[in-house]
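This report refers to the structure that appears directly beneath it.
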Amino acid sequence: MRHLRNRHLLVADLLLIPLAVYASFALRLDTLNLQPYFGGFLLVTSLSALIIPLLLFHAHLYQSAWRYVSTYELLILLRVVGLAVVLIGGGAYLASLVNPALRIPRSIPLILLPLALGAVSGPRLALRVWARSPRRQPRLLVAPFPVLVVGAGDAGALVVHELLYNPQLGMRVVGMVDDDPLKRGLTIHGVSVLGRREALPDLVHQYQVQQVIIAIPSAAGKDLRAILQICQRVGVQTLTMPSLAELLDGKFTVSQLRKLEITDLLRREPVQTDIAAVRQLVRGRRVLVTGGGGSIGSELCRQLLRCAPAELLVLGHGENSVFELLEELQQILQGSKHKPVLRALIADIRDARRIQALFAQYRPALVFHAAAHKHVPLMELNPIEAFSTNVLGTHNLLAAAEATEVEHFVMISSDKAVNPTSIMGATKRIAEFLVVQAAQRSQRSYAAVRFGNVLGSRGSVVLSFKRQIAAGGPITVTHPDMRRYFMTIPEAVQLVLQAATLGHCGEVFMLEMGEPVRVVDLARDMLRLSGLEEGRDIDIVFTGLRPGEKLFEELFAHGEYYRRTSHAKIFMAERGALDTEHLPWLIAEIERCVREHDEAALCALLPQVIPEYQPVAVAVAAKR
């Protein structure tokens, strides 16, 4: 009886469906005496009492939690009852051909449809109303405080609905605000749209509002910043919904409301990607992601899962991060119809034999190479590690990819590879050369994708500022004029996947990064979001540029020019024919220097290979 947990609804159906049939005959005949069609009435009643519950059971509607009924369930009910009436009408017609005493008026099925729908849906809607009536809700010890909702779209309606039916949260929605003049005066779930965002200060004063909820998951950062500034001026707290990237399953609960974060203020317009093209590339194939335990690699794995690969190979050097990611991916797959094979491969990309063996064993069709050392000052002090991982590791992967005929290879590069001033940037530039050479040699779709700083990644400035604020300061910024490009991890990965569909043979793509942000402004925004004030609560201290750092990042190297692609936010860097003949000699020299632990010789190679390389400081000197 597990599938009949709502047995009381089955009893109600068996009682009310015959009444609906009787009402349809009485309305059609305009009398309560059904004697001329009594045989047909008994037949339709029997068929209805049998067919409608059976179809409801088949549609799993006796398992639904009807206190949460929505239009989705009501549409299923409409389809079920509609199909049932067609079957009942057809059965009655066939029966009348065999026995004329079972005939019914031809309009009976049309009259029965709305009455049967009412008989079936009525008790279910009544359950919902009863379950959510005020008397059924827990009593609050304190009076609910008034809140305003900014955004009167679908998301705003969802927030209002959730708050209305969860009074235990202690929030009372007094109104909504929206910049669309056509929504002014509308009511949504009984709550009025009171005006535009500029009216917030007056509305806060008029209704004694204590909290403002921003319900615009697609809003750009500049719009959220403007709303936040208004709310801070009038002294009210702000909460927001998750962004569209966070609402992957489209579901929302009030528990997801949270404080604004710096990633919200830097959010850009949602990325429009050709999901069909990405799925066509990935579906049914074996995909390998290096650096799977890192920030970019793990997000690549999450988004690739949605594209139905046959197998996802997560390659990483740190066992703990790979293990945690696999547990998360398995949790994501629990509710999914498509369940690709997940494999954890613990390996060091610097180990050429291990990489060759793994590629020979699994033969992936697509490789996303996200494993790298990315920390600029640390790599200035540890050039051997930078060369070993970023250059030799990439060389090992490309050699294995060519040997096993990998169809697509995408390397994650960096804007620091453009006119590099750091060892990290220079090694990523050499890695780009290697990708281009491998593409030319194999004539396959191998490409590199450059982008700037990603918010929330390991070692990012945002996490450093958070730690410094939590410790009471000071916040350290290297230079008051330092500017950086920022984008969120989900956005960067979406565009990387899109770029993979555009690659043909050795392209270097650059993601459109928007406007550069002054790092000191980022620090001040984070202070304001924490409710703190510069100079009064926490100081901002300028420490000077570190080895290898630039004041401004660049998007294209000297001698490069960009060409637009079919995607508005992806550009292709082009230059004259790239001389790759020296690369085998370079790899041999790097291997020799790494083997002999000769840091000075390694650094001396860079100006020979990358004429635009201009080191800010020499790592070996910095050590001294």
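Along the chain as shown, residues are numbered 1 onward.
The backbone N, Cα and C atoms fix where each Cβ goes, glycine too.
Per TrEMBL, the listed range annotated as transmembrane segment is 107-127 (candidates: 2-22, 107-127, 359-379).
Annotated by TrEMBL as transmembrane segment, the relevant range among 139-160, 601-622 is 139-160.
Averaged across the domain 'Ketoreductase' (285-457), pLDDT in this predicted model comes to 91. Sequence-remote contacts of a segment are chain residues at least 6 beyond its ends whose Cβ falls under 8 Å from one of its Cβ atoms, and for the transmembrane segment (38-62) they are 3-7, 9-10, 13-14, 17-18, 20-22, 25, 73, 76-77, 80-81, 83-84, 87-88, 91-92, 95-96, 99, 101-104, 108, 112, 116, 120.
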